[in-house]
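A.B. asks: The structure's right below; bear with me while I get my questions together.
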């Protein structure tokens, strides 16, 4: 075997002689016979065959001997194998079950084909369906091809689609193989057969596409070749730029106005020739009567095709031949629209009288040239006085409603901008969103465009639909050079947009420190208020921007501006935003208190005081500093809440801190007072899930506040404990520990409280409404009522699980489950829960536009999933109070309603 693999035939002869004389070999290795057949060693092969080797041997590592002889084109070896019993029909299992004759066809072994064809094996095929004739035709083995045809091979395989194999007539016509084609024609094969189902292929079309003149001539001269509209050879020849074949086909009378659906943009022969710039073919087609107005599938005329290909000479030829210059395609564009970036084509059309103001879904030719900054085309059109104020039609485009001047200003096309202004384009023209060219130039930070526009007379304070002038539309960060140009030209710094912001307020919102420094250095009112958002300093503290706060304070902004109900002082606002950095809060608070002299007793807003807000989100050290500065521990907010009520919603440490700060004056602290809706400190503490806090509150209210003390709606601390607060670090589920503590202290589980719709609720029903655990349910049902026997299985105590919203109530400070009642009559993002809504006229007067937002309950098919994976939506933003996480993790809890739409081109909101 080693000698055979190495082709050491001399050595092999010696070894074979020894083996046949001295050894009795029962079975010779199959690979040895295949190897000798491949090497063409007839003598050695005969030796082992005579010694008993199998002429039909197979081996997984090599092909049968017969196949090896065919590959090496060794007829003598083939004869030797057949003489010794080799089967001419044996297949090669290692090579898609290929019969020997197929191998011969594939490799073009003519002599071997003669031997095998006599054995009537011409139709044998491998398991892919390929036979010898398919291979011979596809590879151009014309001698083999002729021998197979002569032997009676079925020629249908040349045109039929067998098992997704391409018909052999395709390469015969396209490679090309003219000698094979002649045999095909002599055999009478149907040369008009469709060779593919998709995008019909025929022999003539293939040859024309490939530019094979000889093949085309052979097919046409045969006399049976047909013309096919769905596979026009004339179109293929045109696309191939083969004038000889085109003329040949035209002489045969092929249709000139025919089109294919494979490439709609190139439709007819004339359309294809025009697009590619084949002038000689265009001339030949026109001479044979091709129509200059015959349209392609997408209604593309030859004229528009010439323009698309940038062929002005051909375009003029078509116009001279009577082409309709204003014909439009299926999307409303004509040749002149397609010339927006082709000066030569545009000149041909304009000189011929094409309509330069012809509309299209994308605008007029003049608008398109301006949009794409085609200055040469614009200059050409300006000579013919186009409509300077033409606008882009409304089609959902970012530039809908723009004039050419808007395009130039927004895109920084400065040469075009000057050109249009010099021709009198309207500098005050407005986009549908109210943008002027100046606003667009500022918004897109095109300083040179701004400079050019400011050279002309314009309204520098013109506003868009959001009430913003150009100075509101600066990018973030702003280009200070542009800002100086606007200020020097007289741009107003006191103007307010629809959100009531001044330019300074907007800069603070954007966190643009350099712009804030520049604007605050101008003669502006640093304490101007922006409706519910307060002053610039309020906004800066809300954003917790240390650097901007310091700049504003340095420039003279007051730290004590407040509104009785919309907002407190900037210091209070700092603690009303709970997602901001605790470290930055401390820095800003110390700066405002120690350096700016902020008064910690300025009152206003939903929480009423700095101390109350700081208790919910400030650090203990900061609360101590505020107390040290003399904060009033007894001040009540608009809802009657005192700082001690806020402390009762936090921790025992917060509660003790206020107790210690009151000295002996617990009356001023108000530990036993109620809010306007009747809540005590115990009602708040019961929701925290902190038993040490509840115990502390009970120890200071024993004998004064009953364990079953009702609020104005009959809610006892136990009812409040069966409601999920989910705010200020409280747990996201009802605490079994607190429920048990209250029950052990005598809380009545059968009490009834009411909500805004006068529905009554028991602690058990409330717990089920908020998805309480089984442990809580068992605690509530295990305790008999002290007042009356209560049937815990009654339908009264049944409730579906409430849907969780992303809001919390601005009155009780609890997270809202079930229905949310949202005020649509103001911009405070004020919302109330199902309990507090009944107090709307007292706590939020003069607002009568309320919206109910549901759903109230979780869908049945979602309830189980929500129990597994509760949504972690963060609560909403409110000017008075906002959600806090103990870890001070960052996040934006703003509602969608609070966000203005982001506008195209950077126009202000």
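Glycine is treated like the rest: Cβ placed from N, Cα and C.
Bear in mind that TrEMBL entries carry predicted annotations, made automatically and left uncurated.
Annotation source TrEMBL lists repeat 'ANK' at 61-93, 229-261, 265-297, 298-330, 400-432, 433-465, 532-564, 606-638, 677-709. For 853-909, the entry in TrEMBL reads region 'Disordered'. Feature annotation from TrEMBL assigns compositional bias 'Acidic residues' to 857-874, 884-900.
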A.B. asks: Let me spell it out: take the repeat 'ANK' (606-638), skip the flanking residues so only those 6+ beyond its ends count, and list any with a Cβ under 8 Å from a Cβ in it.
C.D. replies: 565, 568-569, 571-572, 574-578, 582, 585-586, 589-590, 593, 600, 644, 646-647, 649-650, 653-654, 657-658, 661-662, 668-670, 728, 810, 843, 878-881, 884
A.B. asks: Mind checking which residues reach the repeat 'ANK' (61-93)? Cβ under 8 Å, same chain, six or more beyond either end.
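C.D. replies: For the repeat 'ANK' (61-93), the sequence-distant neighbours (Cβ-Cβ under 8 Å, at least 6 residues beyond its ends) are 30-31, 33-40, 42, 45-46, 49-50, 55, 99-101, 103-104, 107, 109, 111-112, 115-116, 119, 121, 124, 126.
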A.B. asks: Given a Cβ distance threshold of under 8 angstroms, which distant residues of the chain, six or more beyond its ends, lie next to the repeat 'ANK' (265-297)?
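C.D. replies: Distant Cβ neighbours of the repeat 'ANK' (265-297) are 232, 234-235, 238-239, 241, 243, 246-247, 250, 256-259, 303, 305-306, 308-311, 313-315, 317-318, 321-324, 327, 329.
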A.B. asks: Over the span of the repeat 'ANK' (606-638), count residues by DSSP class, listing helix, strand and coil in order.
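C.D. replies: Secondary-structure breakdown of the repeat 'ANK' (606-638): 17 helix, 1 strand, 15 coil.
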A.B. asks: Averaged over the repeat 'ANK' (61-93), what pLDDT does the predicted model reach?
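C.D. replies: Overall, the repeat 'ANK' (61-93) comes to a mean pLDDT of 89.
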A.B. asks: Can you tell me how the residues of the repeat 'ANK' (400-432) break down into helix, strand and coil by DSSP?
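C.D. replies: The composition, in the requested order, is 17 helix, 0 strand, 16 coil.
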A.B. asks: Count up the helix, strand and coil residues in the repeat 'ANK' (677-709) according to DSSP, in that order.
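C.D. replies: Secondary-structure breakdown of the repeat 'ANK' (677-709): 16 helix, 0 strand, 17 coil.
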